[in-house]
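First up is the structure itself, then whatever we jot down about it.
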Amino acid sequence: TCPQCHRSASLDQRGLRGFQRNRLLEAIVQRYQQGRAAAAAAAKCQLCDRSPPEPAAVLCEQCEVLYCAACQLRCHPARGPFAKHRLVPPPSHPGAPGGGGDGGKGAGGGRKLPTCAEHDLENYSMYCVSCRSPVCYQCLEEGKHGKHDVKPLGAMWKQHKAQLSQALNGVSDKAKEAKEFLVQLKNLLQQIQENGLDYEACLVAQCDALVDALTRQKAKLLTKVTKEREHKLKVVWDQINHCTLKLRQSTGLMEYCLEVIKENDPSGFLQISDALIKRVQVSQEQWVKGALEPKVSAEFDLTLDSEPLLQSIHQLDFIQMKCRVPVTVPPVPLLQLEKCCTRNNSVTLAWRMPPLTHNPVEGYILELDDGDGGQFREVYVGKETLCTIDGLHFNSTYNARVKAFNSSGVGPYSKMVILQTSDVAWFTFDPSSAHRDIVLSNDNQTATCNSYDDRVVLGTAAFSKGVHYWELHVDRYDNHPDPAFGIARINVVKDMMLGKDDKAWAMYVDNNRSWFMHCNSHTNRTEGGVSKGATVGVLLDLNKHNLTFYINGQQQGPPAFENIEGVFMPALSLNRNVQVTLHTGLEVP
């Protein structure tokens, strides 16, 4: 049984040589050995009397000799006949000018593509999901995998790499928390030592005042304090050793996984990716809840009562103050600024509770203002500590804060974090809302249509505030069609020209003229049409509540529509005779 994938296999007449080779591990070892060999083969001075020679500092192209700094001054001064010699940095090793010792091949560049174990002349090209192994086309033709679920090798390679990377993120976060936890534990050691010494000094002072009656009792009390301190120290050291071991295992697994991800051999990667993903997930699961919390506190819950009468001295003992701590509201959450970010008109916030928090937390309340200094409103309530808010205004500054709650009530707010959304909009055509006849390409930035009838496609951004501008480049224009450009609401009718219903505002244009259209009403006929290579600009000004169009940089009459309010999306209608490409993130003309 394989120790990595846990699959059983039978030996054939080839014996152990019949097993699949772990090419990915071989490649990592080869890359490591090549790195060591390159380091060992560093260029050395060719005139040094020392043994071993000093590393070379320069190479004289005329003398073809490597010099260290000392030998250059002594044997190759920059005067006389040597003054015109050209000195250059040394190569990576002697005999390889220019440092090209590997013949120009990158890491793994000299390796042959792996061939199928069953068919030596065929390269792996597909991946059998049922058997979890790479296969070639001949394997599929022979029928062994004919009815299995088979997918392209490159796609499965990328998918498994993404799964492994995602799993690694969880382990990386836990490793970071573990490092912080180790610092806390080491501080706890110091606090325990200091507090223990303080308790001992206090105890000695009290017992010395009653020395005649407390001589024997003093020894007993000191023993109790020492045992308590030793117990706490032992518990903390055990936790440190246990946590260090887990951290070392996780770090080693992370380093191995990162080396695996660097590999460019899909079939070799897929050989071990399932098992490696499971190992990473198991590694993450071993950090169970409570594993990163101290098992003991630095405080000594011991108080000496020195007030009893002299006849009660022999009954003197510590009063244990370990009472049940009542549940109170949670403390202030800490915003993790390194994880807070903005993208387009979305913001992402992350937070966590402070270390050594003993009060339970049932959930969090995230609040955001209106982007204009107005009142805060709740945008998220739940147990997660990472939240993304979409659909905000562009070019706006938002203030965010978070607080925790439990059965005792709501805790205080965190510090506010200020987040600035993008000043210009970056978006593409939206495949999820487009008519089924629309064909998108070029990362959803280029659109055409399969139908001779006009079909509508919307953009992925929605606007309700600010000034926004985008352009559409006409890549193809055949047989004088009438594409329409403009804006629309999300529920616009998508099987007819843009602007024929009351949900869209558009300019439609042919090769000679353009018209504005809304509710099937045609207005403002303007000379000047489009052809292949033309550019149509759309300017949406929601501060002035109007819409303006441009063709090749020339404004098409006055603002097309005024007094428009609400939420609008970029929109386009076209048929199969037109192809356009969208350009966004542009400055307002």
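Going from the start of the chain as shown, residues are counted 1 onward.
Every residue gets a Cβ built from N, Cα and C, even glycine.
The feature domain 'B box-type' is assigned by TrEMBL to 43-90 (among others).
Residues annotated as region 'Disordered' in TrEMBL: 86-109.
The annotation compositional bias 'Gly residues' is assigned in TrEMBL to 96-109.
Here TrEMBL flags 111-153 (among others) as domain 'B box-type'. For the domain 'B box-type' (111-153), the number of residues in each DSSP class (helix H, G, I; strand E, B; coil) is 6 helix, 11 strand, 26 coil.
In the predicted structure, the domain 'COS' (261-319) carries a mean pLDDT of 78. As annotated by TrEMBL, domain 'COS' applies to 261-319.
If you look up TrEMBL, you'll see 330-424 marked as domain 'Fibronectin type-III'.
Taken from TrEMBL, the feature domain 'B30.2/SPRY' applies to 406-589.
Across the domain 'B box-type' (43-90), DSSP helix (H, G, I), strand (E, B) and coil residues number 12 helix, 10 strand, 26 coil. Residue counts for the domain 'Fibronectin type-III' (330-424) under DSSP, split into helix (H, G, I), strand (E, B) and coil, are 3 helix, 44 strand, 48 coil.
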